[in-house]
Amino acid sequence: MSMILSASVVRVRDGLPLSASTDYDQSMGMQECRKYFKMLSKKLSQLPDRCTLKTGQYNINFISSLGVSYMMLCTENYPSVLAFCFLDELQKEFITTYNMMKTNTAVRPYCFIEFDNFIQRTKQRYNNTRSLSTKMNLADMQTEIKLRPPYQISVSELGSANGFAHLSVAEYKGTGKISAAPHQRLEPVTLPGIVSFVLSLLCGALNLIRGFHAIESLLQNEGEDFSYVIAFFLGTAACLYQCYLFVYYTGWRNAKSFLTFGLICLCNMYLYELRNLWQLFFHVTVGAFSTLQIRLRQPQGKSPDYNV
């Protein structure tokens, strides 16, 4: 029989349980799943905002938003669309009911235990799918899951060291191997961000063209300095890497952007004799502007009305 067995609300940064439904099943399989719950809770800050862990007869699904994760355990044949609809409903109710400041400052486990009443009522509705009357757009949910399917975490990737969970480098379905700092969605692109991206591409193209011209000059005149060629191509690489940092999330993203900007400044200082002051000012200003836009475009948190 397909059904939801339990659910819990956990704080992402430290895995503190805020509320949880009561489990009456004491089977070995359920006890093993509780261990997985605890192991995943300790690693939520390193995982994507939507994941699924398949554990034989059971599946653990969770979504994370605004520093809180909503986890649920269900049988392996329970529809994933309904599972994430269930989690989405818990998320909306929790955010509506509780102040996020209280969530962030909570110090004791299960300090929102009264939320269990809502979990139990919602679980009963979702376990009786024929009489499920909640307003859901399953077509939208199915489309969302197809466009951005949950990361599939393998049981073999969960280990234990000194009593604490350890999550190794994960190989997720359809994404290949990824590091412990998974890809996250960035905030929507703004107009200044688009301008900085285009200008960075332009600076990279200008450096590339000047680099090829420097190679031609070097071939024609043996006395030319080859280091100018290196400086032009390093400038090109730095500009293109800034574009990459603006589009994609990586670890130490801000530090990398500052180091890249430093490389742009060094390349232009070295090319002082080949460029006038306006050209130097343009390249350095674009580098600084792109660094600022990379700093401003941070990973986004899901809003309360986000589907799944």
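Using N, Cα and C of the backbone, Cβ positions are placed for all residues, glycine too.
With helix defined as DSSP H, G or I and strand as E or B, the domain 'Longin' (8-119) counts 48 helix, 30 strand, 34 coil. According to TrEMBL, the feature domain 'Longin' maps to 8-119.
Taken from TrEMBL, the feature transmembrane segment applies to 189-209 (among others). Sequence-distant neighbours of the transmembrane segment (189-209) (same chain, 6+ residues past either end, Cβ-Cβ under 8 Å): 232-233, 235-236, 239-240, 242-243, 246-247, 267, 282-283, 286-287, 289-290, 292-293, 296-297.
According to TrEMBL, the feature transmembrane segment maps to 229-248 (among others). Through the fold, the transmembrane segment (229-248) approaches residues 183, 186, 193, 196-197, 200-201, 203-205, 207-208, 210-211, 214-215, 218, 256-257, 260-261, 263-264, 267-268, 270-271, 283, 286-287, 290-291, 293-294, 297 of its own chain, all at least 6 residues removed from its boundaries and within a Cβ separation under 8 Å.
Residues or ranges marked as transmembrane segment by TrEMBL: 255-272 (among others).
For the domain 'Longin' (8-119), the model's pLDDT averages out at 85.
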